[in-house]
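What follows is a set of notes on a single structure, which appears directly below.
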Amino acid sequence: MYDVIVIGSGPGGYVAAIRAAQLGMKTAIIEKYPTLGGTCLNVGCIPSKALLDSSEHYHNAAHTFKTHGINSKDLKVDLPQMMARKDDVVKQNVDGIQFLMKKNKIDVHQGVGSFVDANTVKVTQADGSSTDIQGKNIIIATGSKPSSLPFIKQDKKRVITSTEALKMKEIPKHLVVIGGGVIGMELGSVYGRMGAKVSVVEFMDSLIPSMDKTMGKELQKSLKKLGFEFYLKHKVTGVENLGKEVLVKAENSNGETIELKGDYVLVSIGRKPYTDGLNAEAAGVKITDRGQVEVNDHLQTSVPHIYAIGDVVKGAMLAHKAEEEGVFVAETIAGQKPHINYLLIPGVVYTWPEVAAVGYTEEQLKEQGRKYKTGKFPFMASGRARASMDTDGLVKVLADAETDEILGVHMIGPRTADMIAEAVVAMEFRASAEDIARMSHAHPTYTEAFKEACLAATDNRALHI
Ligand code: FAD
């Protein structure tokens, strides 16, 4: 009998297993795929960042090296090599998880985990053989998969999801991206930087619509420079595979139809929770109408010793959110009283410029009727950004009008994915904009833009604008 069985080895599951083992519990993890690490390591965060880095190098060599005084003659993309490097990065990461399982003495069971009852999970291997294992506590961490629209047939050849977009055999001539969210903008950037024409069809009136509106607008400006075309407020009405081409039809708010022909269509309209084959009902675990495993504030399902975490439950579908929940549940099972501040889970888009945010958006503050002040600082005015030729974007700080407490930080610019950590720390310790404005930030760094935005938020006293 295990103390903890974890079903699914993504960032939620493997982190939960490590923390449970650290706390002295006999732990098992079940994964249906041959490699550990889930969506994030195999077909998500890691391979996409590997390709984003490679394509960014190419783009810089093709477009900015000359200005730096570097001649890069006969430059061309070797796509098979780029993909091979990406596969190698994935391998290093998934092998690392295997090592961590061994180091922490966690039993790895390969196969599909399905509930037999509330304490028993059957593990069925690819050859059909199966073993039953028992646990006092079980953590469901089965993640998510790409969603689609009912009328779109994803043939995975021309009409593709993020998974296929991460292993293309050629650079698309014209990639039509359905959905202006994080995954579409990141993977659109990969191929846009390497010469593909990219057209984005988005139902809402801005890109990355769940983030502060300023971010969507700024990102759109930057991606336009890369050659992206945008069809915002357009609803996709049909996708047809014509053999070597795909036809996408979309309708705007006036009922007018547009038609786009591309050689590939990336459907990136979000992801849905994944519970296929889990047989949750055998354990009495409730699934919501939206397909999520229902959990309370302690991440307990309808069966108290069965927990669920990550993409398969409510909340942001992010690897670091899943990880926090993994630690939370392991510590809860061990009798500790952990806490997660969901407001302070940062959101990042790894385009260039990068977009990163934490806390409330301006739209949310307006909706709450909360009085706030805004401070902005453009990277155009940053010495470091000028030196690296990364002057697109800005930092926007929202602070309480009376107390000056920082309520939200929204950044678009160079390396903001890393810069946002300072804002998370500031908000966790309930810093005021004045606190940050009075702290020394190394010069020249991109981080000075955060300090300057805080100076701007407190009596408009930014120094370099
Ligand atoms: P998953 O990582 O989905 O893992 C679930 C695992 O459970 C899978 O390995 C699956 O095979 C296994 N499983 C499912 N059912 C069973 C079963 N019955 N038995 C055994 N095993 C089972 N997030 C970020 O924070 N940053 C990023 O940069 C980022 N980039 C992304 C890029 C792309 C292209 C995609 C698609 C996603 C990206 N994400 C990113 C989202 C991130 O991948 C997910 O939020 C994260 O992987 C969720 O972790 P999880 O542990 O909940 O589930």
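Just so you know, glycine gets a Cβ as well, placed from its N, Cα and C.
Among the features that TrEMBL reports, domain 'FAD/NAD(P)-binding' is placed at 2-326.
The disulfide bond annotation in TrEMBL covers Cys40-Cys45. Listed in sequence order, Gly10, Pro11, Ile46, Ala319, Ala322 are the same-chain residues at least 6 apart in sequence whose CB falls under 8 Å from the CB of Cys40 (disulfide bond).
In this view, Lys49 (FAD binding site) is surrounded by 15 other Cβ atoms within 10 Å of its Cβ, with every protein chain counted. Annotation source TrEMBL lists FAD binding site at Lys49, Gly113, Thr142, Gly143, Ser144, Asp311, Met317, Leu318, Ala319, His320.
The NAD(+) binding site annotation in TrEMBL covers Gly179, Gly180, Gly181, Val182, Ile183, Gly184, Met185, Glu186, Glu202, Gly270. Note on Met185 (NAD(+) binding site): other Cβ atoms within 10 Å of its Cβ, all shown chains, come to 27.
Taken from TrEMBL, the feature domain 'Pyridine nucleotide-disulphide oxidoreductase dimerisation' applies to 345-453.
Neighbour list (His443 (active site, proton acceptor), Cβ cut-off 8 Å, at least 6 residues apart, same chain): Gly383, Arg384. According to TrEMBL, the feature active site, proton acceptor maps to His443.
The 6 Å Cβ screen around ligand 1 retains Thr142, Met317 from the binding-site residues Thr142, Gly179, Met317, ordered by sequence position. For the domain 'Pyridine nucleotide-disulphide oxidoreductase dimerisation' (345-453), DSSP puts the residue distribution at 40 helix, 33 strand, 36 coil. When the binding-site residues Lys49, Thr142, Met317 are compared by Cα distance to Gly181 (NAD(+) binding site), the shortest distance belongs to Met317. The distance from the Cα of Ile183 (NAD(+) binding site) to the Cα of Lys49 (FAD binding site) comes to 11 Å. Within 8 Å of the Cβ centroid of the NAD(+) site, not counting the listed residues Gly179, Gly180, Gly181, Val182, Ile183, Gly184, Met185, Glu186, Glu202, Gly270, the chain contributes Val177, Gly188, Leu207, Ile208, Ser268, Ile269.
One residue stands out among the binding-site residues Thr142, Ser144 for having the most other Cβ atoms within 10 Å of its Cβ: Thr142.
Cys45 (disulfide bond) has a Cβ environment of 22 other Cβ atoms inside 10 Å.
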